[in-house]
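**Student:** Please see the structure below; I have some questions.
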Amino acid sequence: MADSPVDSSPAPETSNGTPPSNGTSPSNESSPPTPPSSPPPSSISAPPPDISASFSPPPAPPTQETSPPTSPSSSPPVVANPSPQTPENPSPPAPEGSTPVTPPAPPQTPSNQSPERPTPPSPGANDDRNRTNGGNNNRDGSTPSPPSSGNRTSGDGGSPSPPRSISPPQNSGDSDSSSGNHPQANIGLIIGVLVGAGLLLLLAVCICICCNRKKKKKSPQVNHMHYYNNNPYGGAPSGNGGYYKGTPQDHVVNMAGQGGGNWGPQQPVSGPHSDASNLTGRTAIPSPQAATLGHNQSTFTYDELSIATEGFAQSNLLGQGGFGYVHKGVLPSGKEVAVKSLKLGSGQGEREFQAEVDIISRVHHRHLVSLVGYCISGGQRLLVYEFIPNNTLEFHLHGKGRPVLDWPTRVKIALGSARGLAYLHEDCHPRIIHRDIKAANILLDFSFETKVADFGLAKLSQDNYTHVSTRVMGTFGYLAPEYASSGKLSDKSDVFSFGVMLLELITGRPPLDLTGEMEDSLVDWARPLCLKAAQDGDYNQLADPRLELNYSHQEMVQMASCAAAAIRHSARRRPKMSQIVRALEGDMSMDDLSEGTRPGQSTYLSPGSVSSEYDASSYTADMKKFKKLALENKEYQSSEYGGTSEYGLNPSASSSEEMNRGSMKRNPQL
């Protein structure tokens, strides 16, 4: 009796414990009674063994068939409970150790605690669903998944494990990808915003730079004094005296001794003659900018220029004139410049200085001297220009002991000068009249490329209007007839002066001989010879004897024809500078240049050419008066062109202020 109950007691224990452990056959026997019997206990007892059996038994086919009936029977109360367990079980297998924790739970309380344990996992499952975006879990095992998973595990241990192990990584991968896409999209958005902001910032910086440049271009116009006042070659009277009028230091030393050995190195700046107007070398920065109108000059302090010129040392003196001095200087960058100091009390106002600096800053051409900068320090006003190292045409053509310029070099100089003047007359808007064209204002580099200098006093002429100057601008011998008679200047006045310079290149003679060796001016002497040469084609008598007939006949014809047309008395009959350029280049016939007049009917000799503006006899008389006036002027004789000058030829003198010292009053015709 006692044994029977003992045997009966283990029987149910084994019934509870063995069916889950055995797995396949007992589960098949127990599965049919479960539907008729109470669904809650059977459903509860079934899932725990399924979980434990998921790892041990491989067989699955019979269980898979039984799984569908279990799902409907347990669907109302159980689907929610086992479904969370099954997701817990697949999710823990991925981390590795959650599965061993689940098996002990069913043996502890198969009936009572089974409903309690499913409830806690449900929030965990919900958390897992929320964490893994839940959609994938529902897709893999929604309503059928919990029972099928349990049945599949019981019947097939190997097959369900891969999907379980795969499903969490898939879910995690999907969640990672979905969660990773958002940061990537955000990063791309941030990068795009940063790039756009950078571009906007760069655009703003560019706009600011452009605005600053425009402001700087306008600022140089605020400069004060007159720009080009000294004519170191003695042409100072012209007010814009040549910039470079005695370049080599040997030549400069001689000039210094001649002009006045008492000049101290600082006197040019401090004394009344202190401003040696300088066409100084342009610094590298302004020179390219000078190529365009509205160029920005560099500003210098007086101390900087004093250091550059070694205290305006006499050894650095390039030239002198009635309006000041030109000194050679070296900037800290190593660039050589010519510093022109303007003489105080020269009659130039700040507004005039501002206007002239603005004019020069707008002009840039390969055959024009460029402005580098300027300095205004108290009463001192200095201009800085590019330094042209090989002196002037006057120096090479008329200087004592200088080698003879060969013919190709003379043609090259004539053509370069013509191009520079044509640019001033026709390519600048408004056009610029030089008003002081002469050999002393033609600078040369070592390859004898031409740079036209000293056009700082040039006035802007508007359209076809001419202006009357109160000063005599230009050097004696270069003055146009209409200026001597009426004081009017135009671009055709520059053409006349250029014609005189062409005659210098052809003949090797100065425009006006103050030594008395040549009675007439160069123009009066050359006119009949030009007419004769045009008629018989023989230019030997007109050509410079130092050339020894080594010249091109065709080029001589072109140059002589241009000179003859340029020195016509009637300004209206003179060609434009652009026409002269074309003629010198050989692109225009001489008939076109002479406007159809035959050599025997040249306008400068024919009766009709004795225009109402001026006639040849009056011009000759006035030139003689100019010559007499120059000889009477002591200041002029003490200049570099005086009898003791290095040149010794007194080739150029000029200007108004010398003539306005009472001599003009004695000669009212002037």
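Cβ coordinates come from backbone N, Cα and C, glycine included.
Not my notes, these are from Swiss-Prot:
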- 599-613: compositional bias 'Polar residues' (COMPBIAS)
- Y385: phosphotyrosine (MOD_RES)
- Y483: phosphotyrosine (MOD_RES)
- 1-181: region 'Disordered' (REGION)
- 589-613: region 'Disordered' (REGION)
- 635-670: region 'Disordered' (REGION)
- 208-670: topological domain 'Cytoplasmic' (TOPO_DOM)
- 187-207: transmembrane segment (TRANSMEM)
**Student:** Could you tell me the mean pLDDT over the topological domain 'Cytoplasmic' (208-670), as a whole number?
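**Tutor:** Mean per-residue confidence for the topological domain 'Cytoplasmic' (208-670): 70 out of 100.
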**Student:** Rounded to a whole number, how many Å is the Cα of Y385 (phosphotyrosine) away from the Cα of Y483 (phosphotyrosine)?
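**Tutor:** Cα of Y385 (phosphotyrosine) to Cα of Y483 (phosphotyrosine) measures 29 Å after rounding.
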**Student:** Let me check the 10 A CB neighbour count of Y483 (phosphotyrosine). How many other CB atoms are there?
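**Tutor:** Result for Y483 (phosphotyrosine): 24 neighbouring Cβ atoms inside 10 Å.
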**Student:** Return the count of C-beta atoms lying within 10 angstroms of the C-beta of Y385 (phosphotyrosine), excluding that atom itself.
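**Tutor:** The Cβ of Y385 (phosphotyrosine) has 34 Cβ neighbours within 10 Å.
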**Student:** For Y385 (phosphotyrosine), which DSSP three-state class applies?
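**Tutor:** Note: Y385 (phosphotyrosine) is in a strand by DSSP.
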